[in-house]
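Per Swiss-Prot, the features are as follows:
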type     : residues                  : note
BINDING  : 218-225, 264-268, 318-321 : GTP binding site
COMPBIAS : 55-80                     : compositional bias 'Basic and acidic residues'
DOMAIN   : 209-378                   : domain 'tr-type G'
REGION   : 55-88                     : region 'Disordered'
REGION   : 218-225                   : region 'G1'
REGION   : 243-247                   : region 'G2'
REGION   : 264-267                   : region 'G3'
REGION   : 318-321                   : region 'G4'
Amino acid sequence: MEVNNMSKTRVYELAKELNISSKDLLSKLSDLDIKVKNHMSTLEDEEVELIKDLLAEKPKEEKQKDQKNHEQEAQDKEEKEIEEDSFYEDREEKRAYKKSFKKGGKKNKKLQKKFVSEESAKEDEIKIITIPEFLTVKELAEKMKVNPTEIIKKLIAQGIMVTVNQQIDFETASKIAEEYGFLVDKEEVKDELEAIFEDTPDREEDLKPRPPIVTVMGHVDHGKTSLLDAIRKTNVTMKEMGGITQHIGASVVEINDKKVVFLDTPGHEAFTAMRARGASVTDIVVLVVAADDGVMPQTIEAINHVKAANVPLIVAINKIDLPTANPDRVKTELSELGLVPEEWGGNTICVPVSAKKNIGIDDLLEMILLVAEMEDLKANPNKPARGTVIEAKLEKGKGPVATVIVQNGTLQVGDAVIAGTTYGKVRAMFDDKGRKIKKAGPSMPVEILGFSEVPEAGDKFVVVENEKKARELAEKRREVQRELELKKKQKVSLEDLFRQIQEGTVKELNVIIKADVQGSVEALRKSLEELSNEEVRIRVIHGAVGAITETDVMLASASNAIIIGFNVRPETNAKALAEKEKVEIKLYRIIYDAIEDVKAAMKGMLEPKYKEVELGRAEVRAVFKIPGVGNVAGCYVLNGKIARNADVRIVRDGIVIYEGKIASLKRFKDDVREVQQGFECGIGIEKFNDIKEGDIIEAYTMEEIPR
């Protein structure tokens, strides 16, 4: 069995031998009806021989093809000459016809007039005008060729008092135009800013291959940094060994005369934050999983982030040198998450590595190059640069410093750039080794000096004609941003889900589930996904056990999702971030309620009656046993206030363990109505004695929402 396997050849190996790309070979195999999944699939010896023979015969075929082409060209030339002769004959006939028409006198003129009037009548049947978002009454009158006074009369009849030079909006103008029998089209005015940031498609001949941009992700302590260090070490020459490499947030590695760019971003939080800002920089993600630990919560989060971004994934199973390493267990766990390894018949590339012992690093780099080849990454270096800011800071003696990735074109020293609401002129440029450079092509990470302010990570940058133009555009963007802040990007909420479905703005509802136990996560996931119908599909993009974190909120913001919490609470920072990002968090104690709410929202029957208003949070710092009363919690109010008539919930390690009412609220043995933030108090909970130090008491009231 083993001997047989040894004789098998992988697709990418054969491609290398034949000096063609894996992509071309795959298409040839498809034409020959040889079934292979991808470049890692194996081929039988007979299949390899067949392909080699066919490729050897190809030059002969091409020669015959050339001969046929010459014959075809000669035939086409003859046909063209015949066509030209007949064309000139037709033209002579036409001239003769026109002459006779002129000689025909009044009778023919009448016929001619009738013909013209019929044509114009046809044209009058459909009258279409194109108008912008706003225009004056005078401009509308000119477009429709009517008296402006008539339009003013019609507008006054509708209760709109205007003069001839006053502006009216598109809706009002289209109603007036319809009364005159016109069909109205809206004029698409392309904003100058939009036009500059919109990348025009390049011609195929201008595109050149570019290096892939790789992000390394994974759970804490699984060896992300060690792996990046190992990759760099295999690439550092003896000359560079003694020097200090400057950290700019990205590094360039050269393998077999090909470059690969690695982003040194702090894991999936930065990846998602940049995606939320609309920046798609990463071409390939390397997911690091420790062979001894296996799949961990952060690994699952990273997988969900990568799936949501639709980026190719390579799994690096690290720490295989440890005695406790179990790569097969890792592969099993990955398969359960839908990432089936190639050797098990799936599509996920898994490479066993040891960053510490430098094992399998070359294999991993080769796989990265293979995936990059399959992705066919190209860019046009011969145009003004555009790209994305990946890191930015204020440095002493340098001012605002930004690390950018050039995604298209070439960036040069002296170029005027705009990024987000900042602008500047590239005064100096440094590569990933800290060397001063004059220009940077596609996929290259560089540190640039010369911005007016510190741009934000994820901001897109583009080169413009001059600094004056860059300043004008940056000021315009600031104005646009102010307007956007006022009407913040609308996220999905259950209350307006039905309206959005009807308008056609929502075809898919993304949901993140957080619960107290894994069973609840699975139950909710199954129940919600079963609610999908033709109008809206419910997609659970992430489900996990534990409190709602900032990472969950960032994923929800990037994927326009809602968060459903079952028996869990959001962390303080997560709650603040959700308010800022306008992400909806729905909390439930009963699974049925969550399902019914989503179902009702989909049917447009959601009637909000009450909403929870958080009053304050207190931390239990001591527990006192009072005879005849039970346990009383000695608390410190962390934020807000605790009121005597409030409802409360007890939260332990992010999980709700009890809900009830306050039985007593004391301060220095005196009964009080409420205790403000920063003060200590004693709290007794109705019908609950299992209070412990470190518990959080959340006070809230239920407020009726007017309908």
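The backbone N, Cα and C atoms fix where each Cβ goes, and this holds for glycine too.
Just so it is clear, the model here is predicted, and its values are computed rather than measured.
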Across the region 'G3' (264-267), what is the average pLDDT of the model, as a whole number? 56
Near ILE320 (GTP binding site), which residues of its own chain have a C-beta under 8 A away, given they sit six or more steps off in sequence? ALA291, PRO327, PRO352, VAL353, SER354, ILE359, GLY360
Please report the number of other Cβ atoms within 10 Å of the Cβ of ASP221 (GTP binding site). 13
Cβ neighbour count (within 10 Å, all chains shown) around LYS224 (GTP binding site): 23
What does DSSP say about GLY218 (GTP binding site): helix, strand or coil? strand
Simplified DSSP label at LYS224 (GTP binding site) comes out helix
Please give me the CB contact count at 10 A for GLY218 (GTP binding site), counting all chains in the structure. 24
